[in-house]
Amino acid sequence: MDVPLALPFATLVVVLLLSSGPIAAEVDATAVLGEAVLTLDAGNFSEVVAKHEFIVVEFYAPWCGHCKELAPEYEKAASMLRKRDPPVVLAKVDAYDESNKELKDKYKVHGYPAIKIIRKGGSDVSAYGGPRDAEGIVEYLTRQVGPASLEIRSAVDASRSIGDKGVVLVGVFPEFAGIQYENFMAVANKMRTDYDFFHTSDASILPRGDLTVKGPLLRLFKPFDELFVDSQDFDDDAIKKFIEVSGFPTVVTFDADPTNHKFIERYYSTPSAKAMLFLRFSDDRVETFKSQMHEAARQLSGNNISFLIGDVSTADRAFEVVTLTSFSSFLLRIPRTNPLISIHAKLFSISGSKKVMFPSSSC
Ligand SMILES: *[C@@H]1O[C@H](CO)[C@@H](O)[C@H](O)[C@H]1NC(C)=O
Ligand SMILES: *[C@@H]1O[C@H](CO)[C@@H](O)[C@H](O)[C@H]1NC(C)=O
């Protein structure tokens, strides 16, 4: 009786010994070749995610050109970020594979690549809102693993933090305590993937405006419209609303600049009438049309109309994804003979696919 039992056991040991050599060698080889990005699938996703306080997952499709473009940058970023202390882990899932469909649905993947930041072992998921080049990915994610809001201590700090690219929030507090400060921090935590948050006790070091106030005050800096707006309402929902409303351009720009993509996405998903004007941005006269569009938007504010001005050269797919219905009157009267205009400026209501095609960034 002992012999038959012992035999399979012995066989098993031998198999393991035989195969451990080549497997170990293979693992080392991939490490050297630099597969810094973890490959996950339905079988090990939950287990791996549960182990990480912070992990980034790219849902891709093998055929997607934008995913292929991202791949080397993502890999490069992963190899830099894993050397960080503590390391930041980047992973990927083939969301087009049928066996991963449940993951695709759970994480609401509608286009490729869809990059998600998953915190606290899976309980907190947000959309990656950063750039697509290795350096940009590293910079954005380094910011995401740190505190939700950073303190601004000097004018140099301030000018470095408040660039001219995205929407930046600065909370001014006489001291870093109290209900206003706490609400600000809570909102910063929730909205950090889309906006940069800072706080300071010295309003005088902030650019654009010599503040004498001691706060509490919330200042929103933006690279469009009036450039900055203040609010003193520190109720949770009021802060969120202030950021969403004041941080959204009067006229959305449709071009290849990735910082505009989240505005474009919101433009399409907001239930409102749509006014669109597509021009060739390389033309000198474009500024004139832009200011006309701004003026129209200002005059018609409060009428449930969203405004967009687009660059024809990047807009070839803008109309592919939406069905335009209920044409109404002309919003701007622009002579049809004007060579600048290749698509008319009209009021549309949009129905059909909710999927938004960004100019050259997703499949
Ligand atoms: C997850 O499982 C797949 C095979 O099903 C494997 O290729 C991959 O390396 C695994 N990932 C991790 C991090 O273990
Ligand atoms: C705005 O317009 C859209 C359609 O054009 C409509 O579905 C929506 O209910 C309107 N919203 C308001 C607040 O009037």
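Yeah, the Cβs are placed from backbone N, Cα and C, and that goes for glycine too.
Look at TrEMBL and you will find 1-25 tagged as signal peptide.
Marked as domain 'Thioredoxin' by TrEMBL: 18-146. Mean pLDDT, taken over the domain 'Thioredoxin' (18-146), works out to 87 on the 0 to 100 scale.
Assigned with DSSP, the residues of the domain 'Thioredoxin' (18-146) fall into helix, strand and coil as follows: 63 helix, 26 strand, 40 coil.
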